[in-house]
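Taken from TrEMBL, the feature coiled coil covers 278-305, 436-463. Per TrEMBL, the feature compositional bias 'Basic and acidic residues' maps to 18-27, 209-223. Among the features that TrEMBL reports, compositional bias 'Acidic residues' is placed at 486-524. Residues or ranges marked as domain 'CRM' by TrEMBL: 105-202, 316-416. According to TrEMBL, the feature region 'Disordered' maps to 1-44, 209-236, 486-531.
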Amino acid sequence: MIVYRGANYQGPKSTSELARKEEESRFIPDVSSADSFKSDEAALPDPEKSILPVEIEYNKLLDGLGARYEAWWGTGVLPVDADLLPPKVPGYMTPFRCLPTGMRPRLTNVEMTNLRKLAKSLPCHFALGRNRNHQGLAVAILKLWEQSLIVKIAVKRGIQNTNNKLMAEEINQLTGGVLLLRNKYYIVIFRGKDFLPANVASQLAERQEMTKQIQDNEEKLRSNLEASPSGKEGEGNALAGTLAEFYEAQARWGRDTSVEEHEKMVEEAAKAKTARLVRRIEHKLANANSKKLRAEKLLSKIEASMVPADPDYDRETITDEERIVFRKIGLRMKPYLPMGIRGVFDGVIENMHLHWKYREVVKLITKQKTMTFVEDTARLLEYESGGILVAIERVPKGYALIYYRGKNYHRPISLRPRNLLTKAKALKRFVAMQRHEALSQHIFELEHTIKQLKAEIGLSEDESSDNWSTGASLLVDSNSDFTEVEDEASYIASDEDVSNDDGEEEDLDWEDEDFESSDSENSDDILAHDI
């Protein structure tokens, strides 16, 4: 958009010109003659007319609410002194409210923000210094709400023991409004979306009471008709849809069942219900087995890219005295390397070499619970890094692994070993192992449940195993081709992402295949063993 300013463009007026015009426009009386003074007397500005129309409107709004607070410290309109209003009003009740159909009762965040901004520019309606007994103030607020959305109350300054929390709670309870703002200076309350003026509220309350009376009368007439005996015309003809009609039809065409038949019917219904439940659990078991098979395939593919280093038997050793000294140094060290759920991957070895650049001892802290897994992790780190394992100590954060770099330490050219997993693949391996263990536990629980239900029904394992095996084989065969291609595609995509940036964690494609709701209830509570 291109706008041309015009050939006669002069620009905006400067502040000096505006001030000069304002001085010229001021009224300067001419006292040279009395006539000119009288003629110019009419041109004097009226002080009442000089008041802004907004202030006039606020004064009219507050005139009928009560006496003004003369000791008001602010400027503009004097607020109403709420302490002079009566503390108790005989027969006062919380006003009747009715929310329009289809309207939300609560304020949204945007509406709340807009109302607070509106209240910020408004003058105060009331000045309050009393903590309790605000029924007279509540009556004035309800009257004010008929012409204003919000009420702004100023807390009087210089009065001891004023508590704005108590004030806001009681006013909100008496009026039923929505508290927008409360601090030691102001209290702002919104009238609410369900607020009704006094005349409308009274009419609606009368209409509601009338409707309730009509419903009560109809209920009394209905109960009298049910209690009174039927007339001659209605003998033998029961009302449609009543219990009497059912009893009459049962007496004419129904067949009485014996106690044995009733018990047999109940037993057959219970067996049918249990059989349906067994079939449903067997279907879940087949799904869990297929998911476990896919998790095993994916885990084997991930672990295929990890080739741990063999132990080096020609290693440097340290004496017991050196081990004790290095152990004390390691325990006193503040910097340490945390080992998370990913376990041992190339980034851990890189950080160990970076620590060894400035110090001889490095301390790692793992949160694994079992000592066997901690020892396996410690040995793997020792083989991959080339350092010397000094000690495995129990600390409040877990287990501390202390390594000495050795006297003949040479920093390798490549700090990250190529035979270990990357950060993203290590996370993927951990999730796959956790998924496999959760599925194994879930399958065990399902099999145990199926055995219990079959024992209740009385079926043998041979009768139901054939049905389950056929259904499970069909389900696994139908999903095997699709899942195999899907797992390969996700694994190839993950390799490409990891080659671009080893530090970033990639999304797990197969992780989107969620358990069913019943599967997740059992599997979420199972924690995987530490690597």
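Just so it is clear, glycine is given a Cβ too, placed from its N, Cα and C backbone atoms.
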Give me the mean pLDDT over the coiled coil (278-305), rounded to a whole number.
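Averaging the confidence scores along the coiled coil (278-305) gives 90.
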Quickly jot the same-chain residues contacting the compositional bias 'Basic and acidic residues' (209-223) by Cβ under 8 Å, restricted to those at least six beyond its ends, or write none.
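Sequence-distant neighbours of the compositional bias 'Basic and acidic residues' (209-223): none found.
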Please work out the helix, strand and coil residue numbers for the domain 'CRM' (316-416) from the DSSP assignment.
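Breakdown, helix to coil: 39 helix, 24 strand, 38 coil.
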